[in-house]
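Marked as transmembrane segment by Swiss-Prot on the basis of sequence analysis: 2-22, 30-50, 93-113, 118-138, 153-173, 196-216, 235-255, 261-281, 290-310, 361-381, 397-417, 438-458 (among others).
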């Protein structure tokens, strides 16, 4: 029972909180803050009970999994705080359905991370997917939000069918859906079973779709553009971290006796993601769409770490996705503090000259952009350096050179943001009331970007 405590706790918090919010509608803000406090307590419970060994063959808990869940929950809490402060800033009523959907989505991610069985992993991913579709379309009267959510749902449903079809192949040719059983077969069978490999590839399509890696990335620009900013922070941070951990959990199945087949497939996906992400962003004017392409690019970098297939590569991948999640949250909170209700229309045009009127926010956005480029001594530099160093050390020169090349290309549009703020004509922006939750998040991000490198080094 203690092993399932994080999942049970979050489910109860979500459902009971929703019930109280419906019964006492005029106290939504108080209930919302209580739920955030309970989620913070859940972080410590998740970490505390993560040392117990798994009670089921299909469900694993260990210290590393507990740490992963705690980090994901922390990023989720940040997204919830952003939603609360954004609602206060623009004068909207807090909708408790948002926190319910997000917490249930996290339960799905937790199940997926602990899964050691393809069917259980599929169920966890689908719970996350279904709630994510609703979060993407949470702006009910917005055409772009509805369009993005519908596209996300249709493509996601198609990929889910492929994933389930893949599980049937795995069971049919492997005789089991347990990770350990399939791994034992792959390591001991003298002949490779093509049907088993096809099944694994079909199942992987679902993970790559949720990661928004190319060529399964076409949904993400429209979804980011139409979704509420709070949902976008969740998709960029907690959701992506969870899917990267899931991918690392099944990495032994991806790269085994059939190494050349799946290795080359994932290598192509990584290179395409880096190229599409880098060049696709150049023509963008919307800052939310720009970050969508930036996500595609950075997922390509993460896949480099997965392809290295060693502990150092996995550490580099996890470190990089964590740094990118923090940087993205910093960028989105700055946009909220600048534009408030008009944040969805934020573009290069709307940030022109803001350095004259919003010096602190412009400086923070600049630091975020420099970290994304990988300029030392910011934390983003050490994330990229560690990743590319491990790739070169493993003699993966193609991946390393492609990563360095696309980093140079991406520097063009990251610096374009800085140029618009400091070297363009001023456009008047109304100063909005200060929201201390957003301000605290921004200062924490700033501290991480400036001093996080010392943690990495020492």
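Any Cβ shown, glycine's included, is placed from N, Cα and C.
Ranked by Cβ pairs under 8 Å to the transmembrane segment (397-417), the stretches 2-22, 196-216, 235-255, 290-310 are led by 290-310.
A contact between the transmembrane segment (2-22) and the transmembrane segment (93-113) is present, since 3 or more of their C-beta pairs, 6 or more residues apart, lie under 8 Å. Here the transmembrane segment (196-216) sits apart from the transmembrane segment (93-113); fewer than 3 CB pairs are under 8 Å, leaving out pairs fewer than 6 apart in sequence.
Counting only same-chain residues 6+ beyond the ends of the transmembrane segment (118-138), those with a CB under 8 A from a CB of the stretch are 58-59, 95, 97-98, 101-102, 104-112, 145-146, 148-150, 152-153, 156, 160, 163-164, 167, 170-171, 177, 179, 203, 206-207, 210, 223, 226-228, 231, 234-235, 239, 242, 246, 250.
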